[in-house]
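Student: One structure coming up, written as structure tokens, with questions to follow.
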Amino acid sequence: MEETFAEHKEWVGGTVNPGVQKVYGKALDTLKKVKPFEAALLAAEAPRLAEYQKYLEFEMSEGDPARIQCLFERALLENCLVPELWIQYTKYLDEKLKIGSMSMAAYERAMRNSPWSGTLWRNYILTLERNSQPFETIKGTMDKALAAGLTDSSDYLLVWTVYCDYLRRRIDWNKDHETELETYRLTVERAADHLFNFFGLEGDPEASLRQFWADIEARHCKNLERARELWNQVMQEGYGSQAAMWLNYYRLERTFGDVKHCRRILQRALNSVTDWLEAVTQAYLDFEREEGTLEDYEQAYSKCEAQLARVNERKAKAADKEAAIQEQKKLQRAATKAHKKGEKTNEKEAQSAAKDANSQKNSGKWSASITGARPVNDNSRKRKMNEERTDGFKAPHPRAFGVSAEDLQPPAKRTREEEDEHGRSVQHDASKDNVTAFVSNLAFQMSEDRVKEFFDKCGEVVEVRLVKNFKGMSKGYGYVEFTDANEVLLALKLDRQPIDGRPVFVSRCEDRNSGSKTHQFKYATSLEKNKLFIKNLPFTCSVEALEKIFGEHGKLKEARLVTYRSGAPKGLAYVEYETEEEASQAVLKTDGLEIGDHKIEVAISNPPQRKQPLNSLVPSLGGGKIETETRGRARTQVALVPRAVKRPGAAPSKPSATAASNPAQKSGDATTTEKMSNEDFRKMLLK
């Protein structure tokens, strides 16, 4: 730089512009400051990340944006696969330069080089929202993040959280917001299912997504029932033993709910918490001090005292058990040490004994050689039982009489044409399971166009693939592929809806061999006081007729006819009301009502418990087959026990017509099984 300034001075004739002279002085001072860092870069070998970090710290303290950006670009040229460096660069662009186009361009480069960083995807989505990018752009970025292959569950949770927060901010509560609110609900549900299915409780350790969703439902939507359902789902998935989760649930109910539900939550928490029971008991007692009567407070105090005593007793037992285990391990280590020491002693004794034996043997051989005797080797008398052939020939196995050598050849492999004669399978891409729905129970004559027309209401249908047999006829099930995972959630709501008079079964596209099947029965199997069960309906009764009859007694949420898989009605139905009071009034007014020639029966829905199937009972080891009284032994079963030693067994008794028609004989047989007294024996002898 000095030589260049000297040439400039000579070119202008010796007089340099004062402004140029001042700029040259500043540049010379800057060169002196950065020269050590440049020398360190020249001395080090690529990628020189540590040297660049020190250089960047110096430039950050100087605060020249052009030099900082230039140095970042130089460092990224050699360290493009380091996510931390990209995060540092994009953070500088977002917070210092605040130029949207420059920040978004840097994020696009960062995503191409380090797509596995959840923090980069989170910051990218925030930058797109900050620069007012359209919803489709941000949604596409989210889909790319999910398909990028993030490292662990915390990265997925980070990305899902920032995207759900963005969807919440899109909702304007002062305007019509049904579409935005439904998109938010479907996305949070999809996020919670994704994290739970792939990572279990580690996906969202604190259930933060559903906690936030429940707060939105209670605070903005005034839908406290939905908020309670979300919290109950959280507790049923494995969080019920954590005191912090119950206290968060209690705070929500305390803010937006009523006294009855608050007391119920605290009582459930008292019986479920295992980690921090003292906090729950304190909250329960404080609640009863504020809201309850003296009887409520005393009852709560006794419950808390008893539960604390039980928990302390369990902790004491666990501590004693742990101490016993540690003592047993200590004794086992001492026994192992003594055993090893004994083995070493025995080994030394054996070695010394073997040494003595060898010395005696050698002395015997030496004396035998002097006298001319030849020692006898016992091993020379032994012969090998299995001698191996040295020519590599293996003797063939003997074959049965009448069997030729050709018959012993293995059967020829089946050809591809023979396998395809039994049916054709549809090629399915497992990577698209999140945007694909599995449909079944379709009519065999159902066409793919009709299925596509039925699911068009859920969104854009990319493809319908029906599984067909070798004749080209449908097997009644197939796959429906959509463009978005939210459309699959809408399609799941069409489960058991009729299509051409036959209910269609819609479920998630899952591998049955993976063991992660999450499809469950969609209706409740317990008491529902706001739902009615109707039977003895005429088969011609329709849903519209049900809604007209039962809609006169209250506001209906749903009316559903129960059908067979073919779509034929069973004469049963369910009608769900908004409130329990309306359902109770409807039972009183419609039970025994005549519809056509049928007198219907109406009751509150309370399905009976399903019995355990008999084929699920596994016989114990060595139990053998169980003979029934109706069929007995099979004819081909041969008894291998000699008749001379076989003990006669009592054949199973079968009821006969004579026994049923002779009650006196039956009563006599019954009396013979009773114990006889001395008086009975005397009467028997006097006969």
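Every residue gets a Cβ built from N, Cα and C, even glycine.
Taken from TrEMBL, the feature compositional bias 'Polar residues' covers 357-370, 607-618. Among the features that TrEMBL reports, compositional bias 'Basic and acidic residues' is placed at 385-394, 414-428, 676-687. Marked as compositional bias 'Low complexity' by TrEMBL: 650-664. According to TrEMBL, the domain 'RRM' annotation covers 435-511, 530-607. Taken from TrEMBL, the feature region 'Disordered' applies to 322-428, 607-687.
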Student: Can you count helix, strand and coil residues in the domain 'RRM' (435-511) using DSSP?
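Tutor: Helix, strand and coil residues of the domain 'RRM' (435-511) number 20 helix, 32 strand, 25 coil.
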Student: Taking DSSP states H, G and I as helix and E and B as strand, how many residues of the domain 'RRM' (530-607) are helix, strand and coil?
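Tutor: Going through the domain 'RRM' (530-607) residue by residue, I get 22 helix, 32 strand, 24 coil.
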Student: Give the mean pLDDT for the domain 'RRM' (530-607) on the 0 to 100 scale.
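Tutor: Overall, the domain 'RRM' (530-607) comes to a mean pLDDT of 87.
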